[in-house]
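Below is the structure I would like to discuss, written out as structure tokens.
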Amino acid sequence: MINNRICILGTGAWATALGSRLSLNGNTVFLWGIDNNEVNDINSGYNKKYFGNTKFSSSLSATTDLKTAIGDSKYIIFAIPSTALDSVLDKVKEFLSDKKSQVILINVVKGIDAETSQILSNKIKSKLGSHYYSRLVTLCGPSFATEVFEEKPTVINGTGKNLKIVKQVCELFNSDVFKVIPINDIVGLQVFSSLKNLLAIAVGLSQAEYTSVNTMSAILTMGIEEIQKIACKMKAKKWTIMSFCGIGDIFLTCSSTQSRNYSFGQDLLKKGVEKTIKENKKTVEGFEVYKTAKNIITKYNINAPIFSSIIEVLEGKLDPKEFSKKCLELFWNQKINK
């Protein structure tokens, strides 16, 4: 097993879980963050904010100094909130000029760029150039950070322009409990990974109202159809929906209280929009992406009533208590599929 030096940008749950997995695979892992408490915690063998008093089963190092974190790393992983990607790319760019022949970039950030409505790999390309885009791999799939950290069996997908590099990254992560499977759809993987979070808010809200698997299944069915419409308009491949990054990730995010987006949706009914947003302390990707989703739906003139309705809730235009009633009307108006 080769010992690679790996830099992970981020000290959150996902960054720490992936760092732990890579360290267990025999690599040297450095995490970079801006929170001194989290950095110190990681250096003492814990990340109590996300994993309580569970000690790491392998060694991780963390620092607030970006130059130290990157060092001579062979791999740089972006594991930060999507809202921070712009500024972090600008900082990282300074340290990449002499690494053109070797460094491989890995993106696990979820979202669609708010300004351009483009997938995040295109943002990375615009910031860092075509050379690094050709050495970029994006990972996504059904994977709660806590379960990856606890070494529960997990399967996700990886995609990128260079299939050889994609396979190399897959092997970097693969173990007897964690598997990354290559997929040839850069657009689809990222669109599904982003929009499923908004659907999870919708499902969580409806579940808070009805506590019904029947209702959840109906909203999921219609929501998945809408995601597929949007993805195809953005040039995703039709079959990607059946992959781990498609239906697998959608099911995970839309069916469990472990999902921040699902829980956020439940809180909308209990507390209302304003209070839920004010009290929320975690990254809720579905909330971050709803304006972008609205722009895409408008741009391509897509009929997406479930998405349009949950967007109205988040905009404060539709009472959360009216959302489920609106969904019921949509169910009753469904036409026979031909």
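Including glycine, each Cβ sits where the backbone N, Cα and C put it.
On a predicted model such as this, the values are computed, not experimentally measured, just so you know.
So Swiss-Prot says this about it:
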BINDING   TRP14, TYR50, LYS110, ALA145, ARG260, GLU285  NADPH binding site
BINDING   LYS110, GLY141, SER143, LYS196, ASP249, SER259, ARG260, ASN261  sn-glycerol 3-phosphate binding site
ACT_SITE  LYS196  active site, proton acceptor
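What does the local environment look like for each feature on the list?
In sequence order, SER82, LYS110, GLY111, SER194, ASN197, ARG260, ASN261 constitute the residues six or more apart from GLU285 (NADPH binding site) in its chain with CB-CB distances below 8 Å.
Taking a C-beta cut-off of under 8 angstroms and a sequence separation of 6 or more, LYS196 (sn-glycerol 3-phosphate binding site) has the following same-chain neighbours: ILE227, ASP249, ILE250, THR253, CYS254. In this structure, LYS196 (sn-glycerol 3-phosphate binding site) is part of a helix by DSSP.
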Among LYS110, ARG260, all listed as binding-site residues, which has the most CB atoms within 10 Å of its CB?
LYS110
Between TYR50 (NADPH binding site) and SER259 (sn-glycerol 3-phosphate binding site), what is the CA-CA distance rounded to a whole number of Å?
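Between the alpha carbons of TYR50 (NADPH binding site) and SER259 (sn-glycerol 3-phosphate binding site) there are 14 Å.
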Going by DSSP, is TRP14 (NADPH binding site) part of a helix, a strand, or coil?
helix
Output the one of SER259, ASN261 that, of all these binding-site residues, has the highest number of other Cβ atoms within 10 Å of its Cβ.
ASN261
Do me a favour and check the Cα-Cα span between GLY141 (sn-glycerol 3-phosphate binding site) and TRP14 (NADPH binding site); whole Å is fine.
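Taking the Cα atoms only, GLY141 (sn-glycerol 3-phosphate binding site) lies 12 Å from TRP14 (NADPH binding site).
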